[in-house]
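One structure below.
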């Protein structure tokens, strides 16, 4: 999900540049290469590359004749793999940046705290649930709850923990995945 920030635009431009480079490589490929390399390319574009040879989508190899172009075909496959690897690295960089931005926007998480992606998502989810609870309760002090009145993990100070759990579980959107 995009936040609309400047860094999101930069990340998307980086991924698009890598995609354009791979398209140039694909358009320069000679005709006469095996169908296998084009099938691999289509799998990478769909975002669901097959893992190993024993996956659900087993395909029969069409009998191929050995030709002097096999060296060129191998080079084309290697270039295609390198382009796919570069796209995957760029995608992972974008994802890591998004998680680090999310971690820094969570209150009460020190910058040097090492959180897993799952912990970051859980904290963000509980923080959102807490904000929803505040809005639902509509118990503002002059229309505003100061952050000093909030305690870890995101509950209103002085409110019994059991009451908080009841409200959070009633408003939870994540279902069984939340703890």
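Keep in mind that glycine also has a Cβ here, set from the backbone N, Cα and C atoms.
Annotated features, as they stand in Swiss-Prot:
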COMPBIAS  30-49  compositional bias 'Polar residues'
COMPBIAS  70-80  compositional bias 'Polar residues'
DOMAIN    79-131  domain 'bHLH'
REGION    19-88  region 'Disordered'
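The helix, strand and coil residue counts that DSSP assigns across the compositional bias 'Polar residues' (70-80) are 11 helix, 0 strand, 0 coil. Taken together, the residues in the domain 'bHLH' (79-131) have a mean pLDDT of 92 on the 0 to 100 scale.
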